[in-house]
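K.L.:
Can you read through this structure? Questions will come right after.
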Amino acid sequence: MSIITDVYAREVLDSRGNPTLEVEVYTESGAFGRGMVPSGASTGEHEAVELRDGDKSRYGGLGTQKAVDNVNNVIAEAIIGYDVRDQQAIDRAMIALDGTPNKGKLGANAILGVSIAVARAAADYLEIPLYSYLGGFNTKVLPTPMMNIINGGSHSDAPIAFQEFMILPVGAPTFKEALRYGAEIFHALKKILKSRGLETAVGDEGGFAPRFEGTEDGVETIIAAIEAAGYVPGKDVFIGFDCASSEFYDKERKVYDYTKFEGEGAAVRTAAEQIDYLEELVNKYPIITIEDGMDENDWDGWKALTERLGKKVQLVGDDFFVTNTDYLSRGIKEGCANSILIKVNQIGTLTETFDAIEMAKEAGYTAVVSHRSGETEDSTIADIAVATNAGQIKTGSLSRTDRIAKYNQLLRIEDQLGEVAQYKGLQAFYNLKK
């Protein structure tokens, strides 16, 4: 009764109006699962391949009909007949069917859509929530949210190099209250921006994209918003960055060129100067997490940054690790970073995603489950964050339904877990000396 009888993919749109995949999996019992695939704007060069059509006459070349065809005509034939509960076997079968190291033949987007839909169908068959199916009886930790309330870099037209300025409501007693803290700060920030005559339009991830005078101006404005909402910076709420440094790293000159986003007169920093600058910001402001502070291929820079700041700040590898256990394993051995960002479409299956989270935890690294800038209404990452007791999630600002869908799902999960639910707050940063 739990045998897969049909697999079907279609092309749908993501939050940027670009095509992506939606996959449906059906079983003999009538149990059903649907998965939608996100897409990134700033992508690591080592990520699994997102298969696009390349036909400029259709969606500017971004169509996904090739990936849709691969699901409907190749993957479906291979996995029909499998027990929908055998997630690992199905994921491994798709990896083998693709046969490339980066899923470039079938497309990570095709494979991931099926992987998510299979898990949802299995949960539906067992009549249990997705987080319970994926995580088992010990599922209980609601994640501390990283709320991206200022968008810069490749996610907006704002003249700021850093891609994300985030707030983390670590002092809240529950996830529900953490969400309230964030929403109140978001609205306080909007009032401050309006009072300064700055833009309040939002970027890809729902954060504001104003023309600040620089990084420090952005941070100080966020601190003012935290205080205006009635909270204490560095106690109730901390600040985090996603520098997305690979987006402004000049490989030929081996410098971090802030002029790419901030214009003429902006800083151009060596790796050592980049580390000095990040340390300066950490010493000046209540910053608890920095993502991709160095370029994805700057292993020496990552090691030096970790030696300098790794005991006091969470240093998250996104483009650096691309949710890949090979890169994470090397980072652990070489003492680079102390946390990994988990993006399901960087690696392409739920099985490999869970492998990366497990490896990180075993090494004492934290794991931050994350969205992409091109999202959908699919809320699977909320269930993954709780299923793995990851303790942290990054899923955008307090606007745009594609972001709020994940927060609302976490509210439902917290309600369903009842007294068992735990919100760790600051304890989610278990590898830092507080």
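Using N, Cα and C of the backbone, Cβ positions are placed for all residues, glycine too.
Annotations for this protein, taken from Swiss-Prot, read as follows:
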| type | residues | note |
| --- | --- | --- |
| ACT_SITE | GLU205 | active site, proton donor |
| ACT_SITE | LYS343 | active site, proton acceptor |
| BINDING | GLN163, LYS343, ARG372, SER373, LYS394 | (2R)-2-phosphoglycerate binding site |
| BINDING | ASP242, GLU291, ASP318 | Mg(2+) binding site |
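Context for these features, please: burial, neighbours, distances.
P.N.:
Look at LYS343 (active site, proton acceptor): DSSP puts it in coil. Shown in sequence order, PRO38, GLY40, ASP318, VAL322, THR323, SER370, HIS371, ARG372 are the residues of the chain, 6+ apart in sequence, with a C-beta less than 8 angstroms from the C-beta of LYS343 (active site, proton acceptor).
Reduced to three states, the DSSP call for GLN163 ((2R)-2-phosphoglycerate binding site) is coil.
There are 29 other Cβ atoms within 10 Å of the Cβ belonging to ASP242 (Mg(2+) binding site).
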K.L.:
Quick one: of ARG372, LYS394, which of the binding-site residues has the smallest count of other CB atoms within 10 A?
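P.N.:
Selected from the binding-site residues ARG372, LYS394 on minimum Cβ neighbours within 10 Å: ARG372.
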K.L.:
Give the sequence-ordered set of same-chain residues, not counting ASP242, GLU291, ASP318, with Cβ within 8 Å of the centre of the Cβ atoms defining the Mg(2+) site.
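P.N.:
Apart from ASP242, GLU291, ASP318, the close residues are GLN163, GLU164, PHE241, CYS243, ALA244, ILE290, ASP292, VAL316, ASP319, LEU341, LYS394.
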K.L.:
Among GLN163, LYS343, ARG372, SER373, LYS394, recorded (2R)-2-phosphoglycerate binders, what is the largest CA to CA distance in Å?
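P.N.:
The two farthest binding residues have Cα atoms 17 Å apart.
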K.L.:
Nearest of the recorded positions to SER373 ((2R)-2-phosphoglycerate binding site) by CA-CA distance, picking from GLU205, ASP242, GLU291?
P.N.:
GLU205
